[in-house]
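S.K.: So Swiss-Prot says this about it:
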type	residues	note
BINDING	G25, P26, T27, G28, S29, G30, K31, S32	ATP binding site
BINDING	T27, G28, S29, G30, K31, S32	substrate binding site
SITE	S116	site 'Interaction with substrate tRNA'
SITE	R137	site 'Interaction with substrate tRNA'
Amino acid sequence: MASPQEHSGPTTQPRGVPPVIAVVGPTGSGKSDLAVALALELDGEVINADAMQFYRGMDIGTAKITAEERRGVPHHLLDTLDVTEEASVSDFQWEARATIAEIHGRGKRAILAGGSGLYVRAALDVLEFPGTDPGIRRRLEEELDDAGLATLRRRLEAVDPVSAARLGDARRVVRALEVFELTGRAFSSFMPVREYYQPAVQIGLEVDRELLKDRLAQRVHGMVANGLQAEVQRLDAAGLRHGKTASRALGYSQFLKVLDGEWDTGQATEDTIVATRKFARRQLTWFRADPRIHWFDWQDPDLVAKALAVCR
């Protein structure tokens, strides 16, 4: 993904375009399948909003939708990064909004699908990402080393008391001061608001948590049986462990430990299951906080029809 250093993406759309659709929910809940079903009914195209599915070669461990599962529906923003590249939510915002505009320009419906909550909000909501300045950052980090966190926090309190009260660690205090020096605006002024940048509708998949726990365990075991360790080994040769984002992906970080001789396959599998379940709980907490989402039972036989009713 390539974009200007500082941007908030395209912020206007032609009048009369249909609402963007976003299918959200925890991992393993069936978002990809529902997005494809909606696309087939609405003449739509799907935009990936799962940060780990940006990576080429990370297929098994991310449950990336296969060509067969796409059922002829065009998919965008899959396989856009090498594992050594860092995923950027601001870059995604730019790419996603440009892709939405292109899809609408073809007279099609744009359908986001993914469980990376901040990425979904970046595409849908009024959300700005201030740029960075390595020189300012370096100077502030040197001041942190010389004068200490308390000194930088007092400076932040003078220009942005909201951030000073909210941010606890040194890295974030440095970032808040960097943003103020770079933009003249308080870092807190860039915080997201629940306001769509263009019309949108979000479809959430309501899950039975116990059933989801079982499904996630089965899915991880299936990934291992289908060659997850070999996939991690191939990607390690391509620099996986040096990628700040990709190396932290569920399953991949665990099986790197297998390659290093720290864990056996069983340990890596069980840790991946536990970590995936925790991740699903965090996703549910994130999406549940958004009152705009229309929730539907993931196992409802009329799921597609009910989702279509709020999308048309």
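Counting begins at 1 with the first residue displayed.
Heads up, the Cβ atoms here are built off N, Cα and C, so glycines get one too.
Are these features on the surface or tucked inside, and what touches them?
M.R.: Annotation for P26 (ATP binding site): spatial neighbours G115, L205, V207, L212, F279, A280, R281, Q283, L284, F287, criterion Cβ-Cβ under 8 Å with sequence separation of six or more. In the three-state DSSP scheme, P26 (ATP binding site) falls into the coil class.
Taking the Cβ of K31 (ATP binding site) as centre and 10 Å as the limit, one finds 26 other Cβ atoms among all the protein chains shown.
Within the same chain, residues at least six positions away from S116 (site 'Interaction with substrate tRNA') with a Cβ under 8 Å of its Cβ are A49, D50, A51, M52.
DSSP gives R137 (site 'Interaction with substrate tRNA') a helix state.
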S.K.: What three-state secondary structure does DSSP assign to S116 (site 'Interaction with substrate tRNA')?
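M.R.: It is coil.
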S.K.: Could you say whether, by DSSP, K31 (ATP binding site) belongs to a helix, a strand or a coil region?
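M.R.: Where K31 (ATP binding site) sits, the three-state DSSP reduction gives helix.
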S.K.: Go through G28, G30, the listed binding-site residues, and name the one with the sparsest Cβ surroundings, counting other Cβ atoms within 10 Å.
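M.R.: Looking at the binding-site residues G28, G30, the Cβ with the fewest others within 10 Å is that of G30.
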S.K.: For G30 (ATP binding site) and R137 (site 'Interaction with substrate tRNA'), determine the Cα separation and express it in whole Å.
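M.R.: That comes out at 42 Å between the alpha carbons.
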S.K.: List only the single closest residue to R137 (site 'Interaction with substrate tRNA'), chosen from the binding-site residues G25, G28, S29, K31, S32 by CA-CA distance.
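M.R.: Checked the binding-site residues G25, G28, S29, K31, S32; minimum Cα distance to R137 (site 'Interaction with substrate tRNA') goes to G25.
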S.K.: Cβ within 8 Å of the ATP site's Cβ centroid: which residues qualify beyond G25, P26, T27, G28, S29, G30, K31, S32?
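M.R.: Here the non-site neighbours turn out to be G115, L205, V207, W298.
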S.K.: Can you give me the same-chain residues 6 or more apart in sequence from T27 (ATP binding site) with a CB-CB distance under 8 Å?
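M.R.: Those within reach of T27 (ATP binding site), by Cβ under 8 Å and sequence separation of 6 or more, are A63, G115, L216, T276, F279, A280, Q283.
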